[in-house]
Amino acid sequence: MEQEHVMTLKEWMEWNAHKQLQKLQSTHPELHVDIPEDIPLVPEKVPLKMRMRYRCYTLCATSTRIMFWILFFLLCFSIVTLSTIISILRYQWKEAITHPGPVLSWQVTNSHVTMGGNTSSSSRRRRDIQYHKLPVEVNISGIPQGLFFAPQPKPIFHKERTLGLSQVILIDSDTITQGHIKQQKAYLVSTINEEMEQLQKTVLPFDLPIKDPLTQKEYIEKRCFQKYGHCYVIAFNGNKVWPSQDLIQDQCPLPPRFGNNLKYRNHTIWKYYIPLPFKVSSNWTRVESYGNIRIGSFKVPDEFRQNATHGIFCSDALYSNWYPRDLPSSVQQSFAQAYITKVLMKRKKQPTLRDIAFPKELSPVGSGMLFRPINPYDICNMPRAVLLLNKTYYTFSLWEGDCGYYQHNLTLHPACKNFNRTRQDHPYACRFWRNKYDSESVQCYNNDMCYYRPLYDGTENTEDWGWLAYTDSFPSPICIEEKRIWKKNYTLSSVLAECVNQAMEYGIDEVLSKLDLIFGNLTHQSADEAFIPVNNFTWPRYEKQNKQQKTSCERKKGRRQRRSVSTENLRRIQEAGLGLANAITTVAKISDLNDQKLAKGVHLLRDHVVTLMEANLDDIVSLGEGIQIEHIHNHLTSLKLLTLENRIDWRFINDSWIQEELGVSDNIMKVIRKTARCIPYNVKQTRNLNTSTAWEIYLYYEIIIPTTIYTQNWNIKNLGHLVRNAGYLSKVWIQQPFEVLNQECGTNIYLHMEECVDQDYIICEEVMELPPCGNGTGSDCPVLTKPLTDEYLEIEPLKNGSYLVLSSTTDCGIPAYVPVVITVNDTISCFDKEFKRPLKQELKVTKYAPSVPQLELRVPRLTSLIAKIKGIQIEITSSWETIKEQVARAKAELLRLDLHEGDYPEWLQLLGEATKDVWPTISNFVSGIGNFIKDTAGGIFGTAFSFLGYVKPVLLGFVIIFCIILIIKIIGWLQNTRKKDQ
């Protein structure tokens, strides 16, 4: 192919001159123009306009260059068009994320009747048997909150402590043969050896640790910390009274009024709010009802308006940063004891703390060793703490007239100086929240309709005005006044130190019982409210508990006399028990056998060596020797089997002293016997002769002492709810705070259990009673969602003959997406599975489980799509306001899903599905583009567009820079080519 020629500047000027002359002649044919063959030479100085026209010619001189320019402009046009579409779709994606979704309600119960297969009902006509199709009744019962409750047959114990005991059992054949068995001593020895050797083969010998790792002092410290670890007593050193009847604290949001949605979490100070009365009587006065309290302010509780010499509180809310709130209680205990020990006075057995425990606001020498300073917002969450501890009353007022500011002199306030309101200013800026009138009055329309016009009035429905002013959201005439209410220094005492010191002398039970009379109510209150003033506080008087130990003679009263044990046996027992003298220990998690009351019982059992053979002498005296040995054999076998199963044979152990020392009822004692464990840790033979044998069995007992027993229990199975939106299926379920529901005396108790062991009963270290989830309970439980496959089916047969069904499709009239209990009166096939009737045919609606609070849940509209794209569980909650807040916080991450995650065509398809029910036309167009890029153009084109989409914000800038560089290169290349041609 012949290469296209590009004219030089001289040639182009000659060609342009000919072109202009031809154009002139064609325009004016009456003129006669001679077109010369040669044009004069190019002048030395070519005009700029002529040079620019020549440059434009060179850029488009050949068809190849024209084709490249066309492709370049098409590429730029496609990029701009695609970027515009993506920007519009991004905005639609953002709107779809925060759009409210469906409301899920689990309170569904209905019935459905459908036709099934042939039943056994028939009629004879001649020789034919004609079957009648009978309807199969399918009973459908909804499951509230998606929680199925199944009976829990095992009681649940909240463990208080575990008692560790050790014992030696002596089995000596001489004890029986003396005076009872004369002829068959060898047979008796063989029988005893056979059983004991079998037991010895299965017992691993080990030594119990000497002494209890939890000493008496450690045990007392643990008990005291669990009860009063955060309790303190403050001596005011005088009579302290709060000076005002009301609190002007406008930095606190007000409780929602007039049906407004709750924007802020519940604040403790709201219970003291004085709202404007809706309707009053004609003779009603504010002074008679509220005293000098302003309507719209907060009331000071009456106990803080009376003389108080002391204050007591039990709360960890004021601790400074040293306190590890997120760590286990054992770590918290060690930290608290360490810091309290640092600030304790050096006086012996005094609970007084040094002033360095206070912050500087409460003591001139305070360094905040224990407590942090009280900030202005603490009055909203802990008003009782501020009223009890503060030495200064700081008002935070937006009421007209306070600090001398009124409407006419508002600009004198530093924040509103030279303030001129414009349309751009915040509507609350430099305005009073409460406007002051000339007087207050009661106005009546008739005898039954009177309303009160207060001295101060304002927009009460803007309950966050003061909070926004406190956070400097706009300039405001804030009035902050400081009123000194107390000048003397405080004296602080620790109840934990008092408990530990006095328990070492008077006993832990005596001290706890006396302290509970004073602090018992506080320990059951929340950390924000456990603050009360007290007048003339004194520490309780303790009494020593001296309980005389019964002698061995008294123990034997009313019981049959045991035969004396030989001196040789006593010596062996003393040798064997030498290492057990202090082996009252904790093998598992035993907290206390150091209680002084229990010590006597421990020694009783430890020193009371059971001679098994003697326990049966009275039963076998009247029998023949052979039968006597068989009788003994049966007892040995029973002992061996129980020991191998780690059970205690209570037939041979007197447990009355345990019940007496613990002071428990017969029912609790039955539980103790049932849950007690016996661990054999050594079996050895001390004498082995042809006619005589002796064995010693070393046993360690664990006796579990419960604090609470829960008997009527239900386990929960959390089924959740299915949601299909944006073309995808997801499962939504409430993260319940409890695992078991207990019904004692007809009352629902929701239990959360930790560190549980499933033995004969369920024994737990911690059992907490928590509020349930529901719209009316005030408990905002988290809700989780996860993506599922296109089809989901869960069928679980129940023990009563019904079926638990959760399906994404419907069949046999069974609804989709909701969990239901199905009961049929005959065999029917649903979901390709046979449902059979119960053994007892009964289809009435059965109350399978206790009732739970009503709950309606609104989820985000794109819950399923978000879960599908991310492939993770996304946390939402049961109030739509909280959902919007969480989505707003995660907006950056969610918007990043559009272009920065995955393949570009796949995202277009997902976005098309998401906008189908909101923007159908654009949805089909977007889905078509995604299908074209994925199916037609292939992976290369799709990957290229995915990359272009990823760098879209800077793509146009790079394109423009590239074009400028390309043009400069082309111009330079043309100039060099021209020089070479010349």
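Placement of Cβ uses the backbone N, Cα and C atoms for every residue, glycine included.
Marked as topological domain 'Cytoplasmic' by Swiss-Prot on the basis of sequence analysis: 1-63, 975-982. Here Swiss-Prot flags Trp12, Trp15 as site 'Required for Gag-Env interaction'. What Swiss-Prot lists as transmembrane segment is 64-86, 954-974. Swiss-Prot lists 87-953 with the feature topological domain 'Lumenal', giving sequence analysis as the kind of evidence. Marked as N-linked glycosylation site by Swiss-Prot: Asn118, Asn266, Asn283, Asn390, Asn409, Asn420, Asn489, Asn521, Asn536, Asn690, Asn775, Asn800 (among others). Marked as region 'Disordered' by Swiss-Prot: 548-567. Swiss-Prot lists 569-591 with the feature region 'Fusion peptide', giving similarity to another entry as the kind of evidence.
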Next on the checklist: Roughly how many Å lie between the Cα atoms of Asn690 (N-linked glycosylation site) and Asn283 (N-linked glycosylation site), rounded to a whole value?
Outcome noted: 108
Checklist outcome for this item: Students should find that the Cα atoms of Trp12 (site 'Required for Gag-Env interaction') and Asn536 (N-linked glycosylation site) sit apart, in Å rounded to an integer, by 114
Item to check | Separation of alpha carbons, Asn536 (N-linked glycosylation site) and Asn489 (N-linked glycosylation site) (Å) | outcome: 17
Next on the checklist: Let me spell it out: for each of the glycosylation sites (Asn266, Asn283, Asn489, Asn690), count the other Cβ atoms within 10 Å of that residue's Cβ, using every protein chain shown. Which one has the most?
Outcome noted: Asn489
Checklist outcome for this item: Cα nearest Asn266 (N-linked glycosylation site) among glycosylation sites (Asn420, Asn521, Asn800) -> Asn521
Checklist entry - In angstrom units, rounded to an integer, how far apart are the Cα atoms of Asn800 (N-linked glycosylation site) and Asn521 (N-linked glycosylation site)? => result 45
Checklist entry - Quick one, of the glycosylation sites Asn536, Asn800, which Cβ has the fewest other Cβ within 10 Å? => result Asn536
Item to check | Cα-Cα distance linking Trp15 (site 'Required for Gag-Env interaction') and Asn283 (N-linked glycosylation site), given in Å to the nearest integer | outcome: 110
Checklist outcome for this item: DSSP says Asn283 (N-linked glycosylation site), in three-state terms, is coil
Item to check | Per DSSP, three-state class assigned to Asn420 (N-linked glycosylation site) | outcome: coil
Checklist outcome for this item: Out of Asn390, Asn409, Asn420, Asn521, the listed glycosylation sites, fewest other Cβ atoms within 10 Å surround the Cβ of Asn420
Checklist entry - Where the distance is taken from Cα to Cα, which of the glycosylation sites Asn390, Asn409, Asn420, Asn521, Asn536 turns out closest to Trp15 (site 'Required for Gag-Env interaction')? => result Asn420
Checklist outcome for this item: All chains considered, the count of other Cβ atoms within 10 Å of the Cβ of Trp12 (site 'Required for Gag-Env interaction') is 18
Item to check | Neighbouring C-beta atoms (10 Å sphere around the C-beta of Trp15 (site 'Required for Gag-Env interaction')) | outcome: 13
Checklist outcome for this item: Taken over the topological domain 'Cytoplasmic' (1-63), the predicted model's pLDDT averages 69
Next on the checklist: Between C-alpha atoms, which of these glycosylation sites comes nearest to Asn409 (N-linked glycosylation site): Asn390, Asn420, Asn521, Asn536?
Outcome noted: Asn420
Checklist entry - Which of the glycosylation sites Asn420, Asn521, Asn536 has its Cα nearest to the Cα of Asn390 (N-linked glycosylation site)? => result Asn536
Item to check | Distance, Asn521 (N-linked glycosylation site) to Asn536 (N-linked glycosylation site) (CA atoms, angstrom) | outcome: 18
Checklist outcome for this item: Three-class DSSP assignment, Asn409 (N-linked glycosylation site), comes back as coil
